[in-house]
Amino acid sequence: MDSDQTPLINPSLFEECAQNHFAAADSRSRRPFHIEPSYITSINDDEPQRITSEASAMNKRIHYYSKLSYPSGGGLIAPDHVLPAPEEIYVYSPLGTALKIDGSDGSEKNSSIVTIFMIWNTMMGTSILSIPWGIKQAGFTTGVCVLFLMGILTLYCCYRVVKSRGTIPLTDTSTWEFPDVCQYYFGSFGRWSSLLFSMVSLIGAMIVYWVLMSNFLFNTGKFIYNYVNDVNITDDVLSNNGTDKVICPNPDSTGPLNKSMDTYYGNGTNLEHFETWWSKTNTVPFYLIVLLLPLLGFRSPSFFAKFNILGTVSIIYLVSLVTLKAAHLGFHLQFSWNQVQKFFVPEFRVSFPQLTGILTLAFFIHNCIITLLKNNRNQKNNVRDLSIAYLLVGLTYVYVGVVVFASFPSPPLSKQCIEQNFLDNFPSSDILAFVARIFLLFQMMTVYPLLGYLVRVQLLGHIFGDIYPSIFHVLALNIAVVGVGVIMARFYPNIGGIIRFSGAACGLAFVFVYPSLIHMISLHRRGQLRIHSILIHVSIIVLGISNLIAQFFM
């Protein structure tokens with residue numbers, strides 16, 4: 001039976017003939033036979049698309065109809081106004097192979113290099129600031145190994161997401177996203193659960209942004225105040241004595257301090273007023289409300305999307321900052337697997353799941369990867385380009401994490417002093433760190449409204465069927481989202497903890513469970529499910545569940 005499906009026409013010859021057919025100068029000589037995409041089937045994107053029996057019968061009827069007129073006559077030729085758009089034209093071989101002809105010049109499609117860096121830029125986020133802290137929590141050697149393993153695991157699960165649409169037969173899935181695939185396989189539960197976990201990832205990211213923006217705004221304001229008023233500062237915390245000062249703001253606890261740790265020399269009254277009204281947790285998170293709440297009410301995020309390049313600039317500057325600091329500080333490493341030392345952490349620590357939670361969010365792009373790959377010029381390169389993008393992201397994380405951890409001056413400081421935001425290990429008077437905070441603050445203030453827009457589209461769109469039902473609905477949603485961010489910045493400003501919990505929660509569904517279940521179900525329906533596939537994908541699901549549970553005990 002397989003031999004009956006083998007086309008007698010060489011695919012390359014078929015494509016060449018079709019292209020020549022549509023390149024004809026006379027538009028009336030190229031009257032394509034057009035069928036709706038829902039009549040096109042393809043189990044695997046790599047295989048030739050085929051048309052259904054209904055479409056084949058329709059094809060025969062139209063060809064028979066065209067023979068009722070003389071070739072020179074034009075009475076039975078389809079007029080111009082009924083022709084489909086160029087991007088919807090399909091040519092069919094006699095044996096049912098469907099070839100899509102793109103009448104455009106392809107200018108709207110992205111090359112592979114653009115697609116790769118688009119994925120890299122989208123995936124790179126605030127998690128990079130917590131990677132050194134995560135490596136410290138896992139131990140240096142264990143942390144590097146976990147980083148590579150999580151990168152490979154999340155890449156495979158992302159590959160399964162990309163291939164998920166091709167597992168649905170007899171349905172046009174060209175406009176589907178991964179939540180639509182989840183709804184197809186799991187019904188309303190798949191729809192609403194995917195919405196829930198998508199909200200967890202988006203709102204979690206907005207909370208992290210609010211905490212970081214409060215941090216960056218506080219340190220920026222303190223730097224400017226000290227510079228304008230010529231205030232001399234003596235750090236009241238542990239620090240190294242080099243020209244590139246590194247501080248340990250919280251030597252006795254893993255959580256950040258809620259107060260400034262500097263001793264000022266100058267006008268004491270003015271400084272007291274400044275410290276009262278410019279506090280990292282007591283006042284600055286509330287000041288951001290005035291700046292950001294009005295921006296969340298915009299109907300379109302197009303203005304803020306223009307600043308997307310700032311993300312790339314920020315990451316490049318962070319990498320440059322880390323490289324320069326490491327060149328001045330040097331490397332400070334000492335390997336020990338089972339001994340607790342004063343200045344170094346063991347190579348393996350039982351708290352390593354904290355790093356896996358962070359990395360789940362750091363490598364998380366599964367809910368939008370289909371959208372990013374749709375505009376790739378050569379769809380056959382999707383898997384290759386996705387793999388290269390993941391490799392670049394993984395190398396960036398490894399470089400920043402390893403260099404920051406290795407260059408942290410031990411002694412005199414302990415590696416335990418590495419903060420959840422490694423920029424907190426640089427004093428507010430550090431000019432290079434000040435520039436990094438400025439870059440990140442401005443970039444986050446442009447991305448935050450975009451995240452709020454996505455929350456509005458997904459939540460209000462699902463509930464009311466309209467992304468802007470009324471100004472009161474939008475305002476209530478924005479106040480709730482901002483309120484959560486302010487509360488977390490006020491009482492729990494630990495970005496490492498927020499990232500690992502939100503990452504493990506959203507990753508449970510989009511990274512581990514749904515891609516594995518959908519793959520096994522599709523194989524079962526085709527009669528191709530084997531025991532080794534069951535063991536592999538059930539193990540992935542178990543790892544995802546264990547990752548989430550472990551976050552509550554670390």
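Cβ coordinates are placed from backbone N, Cα and C, and glycine is handled just like the others.
Unlike curated entries, TrEMBL annotations are predicted automatically.
Per TrEMBL, domain 'Amino acid transporter transmembrane' is recorded for 111-220 (among others).
Feature annotation from TrEMBL assigns transmembrane segment to 113-133 (among others).
The transmembrane segment annotation in TrEMBL covers 139-159 (among others).
Annotation source TrEMBL lists transmembrane segment at 195-212 (among others). Sequence-distant contacts of the transmembrane segment (195-212) (same chain, six or more residues past either end, CB-CB distance under 8 Å): 125-126, 129, 179, 285, 288, 361, 364, 367, 421, 440, 444, 447-448, 451-452, 454-455, 458-459, 462, 481-482, 484-486, 488-489, 493-495, 498-499, 501-503, 505-506, 508-510.
Same-chain residues lying 6+ beyond the ends of the transmembrane segment (277-297) with a Cβ under 8 Å from its Cβ atoms: 210, 213-215, 217-218, 221-222, 225, 258-260, 304, 445, 448-449, 452-453, 471, 474-475, 478-479, 481-482, 485-486, 489-491, 493. Per TrEMBL, the feature transmembrane segment maps to 277-297 (among others).
The annotation domain 'Amino acid transporter transmembrane' is assigned in TrEMBL to 284-545 (among others).
Residues annotated as transmembrane segment in TrEMBL: 309-331 (among others).
Taken from TrEMBL, the feature transmembrane segment covers 351-373 (among others). Long-range contacts of the transmembrane segment (351-373) within the same chain: residues 115, 118-119, 122-123, 125, 127-128, 130-131, 134-135, 137-139, 142-143, 146-147, 150-151, 154-155, 157-158, 161-162, 165, 176-179, 194, 198, 201, 204, 379, 382, 385-386, 390, 393-394, 397, 496, 499-504, 506-507, 510-511, 515, 547, 550-551, 554, each at least 6 residues beyond the stretch ends and with a Cβ under 8 Å from a Cβ of the stretch.
Within its own chain, the transmembrane segment (385-406) is flanked in space by residues 112, 115-117, 119-120, 123-124, 127-128, 131-132, 134-136, 140, 143-144, 147-148, 151, 154-155, 158-159, 162, 315, 318-319, 322-323, 326, 331-333, 359, 362-363, 369, 373, 376, 415, 418, 422, which lie at least six positions past its ends and keep a Cβ under 8 Å from the stretch. As annotated by TrEMBL, transmembrane segment applies to 385-406 (among others).
Among the features that TrEMBL reports, transmembrane segment is placed at 431-455 (among others). Remote same-chain partners of the transmembrane segment (431-455), defined as residues 6 or more beyond its termini with a Cβ less than 8 Å from a stretch Cβ, comprise 126, 199, 202-203, 205-206, 209-210, 212-213, 215-217, 219-220, 223, 291-292, 295-296, 298, 301, 304-305, 307, 310-311, 313-314, 317-318, 321, 324-325, 423, 477-478, 481.
Residues of the same chain lying 6 or more positions beyond the ends of the transmembrane segment (467-492) and with a Cβ under 8 Å from any Cβ of it are 203, 206-207, 209-211, 214, 281-282, 285-286, 288-289, 292-293, 296-297, 299, 452, 455-457, 459-461, 498. Residues or ranges marked as transmembrane segment by TrEMBL: 467-492 (among others).
Taken from TrEMBL, the feature transmembrane segment applies to 498-522 (among others). Same-chain residues lying 6+ beyond the ends of the transmembrane segment (498-522) with a Cβ under 8 Å from its Cβ atoms: 126-127, 130, 134, 154, 157-158, 160-161, 163-164, 167, 178, 181-182, 185-186, 190, 193-194, 197-198, 200-201, 203-205, 207-208, 211, 354, 356-364, 366-367, 488, 492, 529, 533-534, 537-538, 540-541, 543-545, 547-548, 550-551.
Tertiary proximity for the transmembrane segment (534-553) is limited to same-chain residues at least six positions away from its ends with a CB under 8 Å from its CB atoms, namely 153, 157, 353-354, 356-357, 360, 500-501, 504-505, 507-508, 511-513, 516-517, 519-520. The transmembrane segment feature in TrEMBL is assigned to 534-553 (among others).
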Residues of the parent chain within Cβ reach of the transmembrane segment (309-331), under 8 Å, 6 or more residues beyond its termini: 117, 121, 124-125, 128, 242-244, 246, 396, 399-400, 403-404, 406-409, 432-433, 435-436, 439-440, 442-443, 446-447
